Amino acid sequence: MLTMWFSLATVSLACLVQGIMSTEFDGPSIIQVSDPVTMGESPVWDRRLGKLLFVDIHKGRVMAYDFEKKTTDIAAEFPGHDLTPIILYKNSPNVLVAGLGRNLAKIALYNKLADPEILHTVQHDKPKNRFNDGKADSRGRVWIGTIGDEPSRGKLDLNAAALFKFTKGNVTNPTVMIPKVSVSNGIAWNQDGTELYYIDTPSEEIVKYDYYSESGNIANKTVVFSTKGKGLGYPDGMTIDEDGNLWVALYAGGSVIQINPSNGTLIRRIPIPAQFTTSVAWGGPNLDVLFVTTARRYLTPEELQGQPGAGSLYAITGLGTRGLPDFEADV
């Protein structure tokens, strides 16, 4: 496995090494920490295992990057199934709540004999849809959305998806929280649990809702940032830091941006050596490493020559902030 360092000051390859090097740069640095997969997505830090988990969607794999050992292995595999997202499960350190096609399921890690436990299947009238992104809120409710049929690069069944909310009492009857979505993607809550941020990628907008943690309801949608006309790419996965700023992966934009949602300011943009940057998550023991998943699906052979690390997991250090712990699903 090749590990690459990039200096963000010059946005160029600084050195190419085997393993992780201890090299000093001014400001943030990017490290390639895994070999490429086809469609990396849904990174989540599992503090119980000390690993950054992510998926290779169309291979049906959960990948696990060991922070201490600097190695990556396959923690679970479901051939023939699209797998995303993955969400930590409250009641077991070796079980995840996951999207398996259109199924909400519980899956076991490091247990090849365990079949998925299917909890519920959504959108029977749209069999080509699948789950795409989601997280648990502070009460353990699962917020998870779908994506419309995507037969080829640039082709998508618009307004055919939705964002669902699953609770312990309605696992088989989830609530549609946002209908007529195209690509349900990034979701995050502010630290005091009064605001929910959400992305439907083709809208090119990051929106905010007032969030009521007691009931799990949302209201009063407002746009906090738009990528329209800015040449940035499409907003994809998202997380939030302890200062209340959003971090957003830009699909087809080869970068991650930091946004102040209170005033819509673009604070900084960090280039990633992969055109299809898919999602972000804070990890490491101190939650001060920003992990970035990427994809190589749909890249031409010529494009792959220019970005051989596409599909890899990257780690950004030295950002001067840290994230918040992920909530665990309780359904």
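Just so it is clear, glycine is given a Cβ too, placed from its N, Cα and C backbone atoms.
Annotation comment: TrEMBL describes 1-22 as signal peptide.
The domain 'SMP-30/Gluconolactonase/LRE-like region' annotation in TrEMBL covers 39-296.
Summarising the environment of N185 (divalent metal cation binding site), the number of other Cβ atoms within 10 Å of its Cβ, over all protein chains shown, is 31. Residues annotated as divalent metal cation binding site in TrEMBL: E41, N185, D236.
Packing around E150 (substrate binding site) is summarised by its Cβ count: 17 other Cβ atoms lie within 10 angstroms of its Cβ, all protein chains included. The annotation substrate binding site is assigned in TrEMBL to R130, N132, E150.
For D236 (divalent metal cation binding site), the number of other Cβ atoms no farther than 10 Å from its own Cβ, over all displayed protein chains, is 27. The active site, proton donor/acceptor annotation in TrEMBL covers D236.
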Long-range same-chain neighbours of N132 (substrate binding site), Cβ under 8 Å, sequence gap at least 6?
T84, P85, G99, G145, T146, I147, A161, V183, S184, N185
Within 8 Å of the centroid of the Cβ atoms of E41, N185, D236, which other residues of that chain place their own Cβ, given that this set defines the recorded divalent metal cation site?
S42, N132, D133, V183, G186, I199, T201, G237, A249, Y251, T278, S279
List the residues of the same chain that sit at least 6 positions away from R130 (substrate binding site) in sequence and have their Cβ under 8 Å from its Cβ, in sequence order, or write 'none'.
D82, T84, G99, G101, R102, T146, I147
Non-local Cβ contacts of E41 (divalent metal cation binding site) (under 8 Å, 6 or more apart, same chain)?
F54, V55, I57, T84, P85, D133, G237, T278, S279, T293, A295
Near the substrate site, what residues other than R130, N132, E150 in the same chain have a C-beta no further than 8 Å from the centroid of the listed C-beta atoms?
D82, T84, N129, F131, T146, I147, G148, D149, A161, V183
Largest C-alpha distance in Å for the substrate site residues R130, N132, E150, as a whole number, is 12
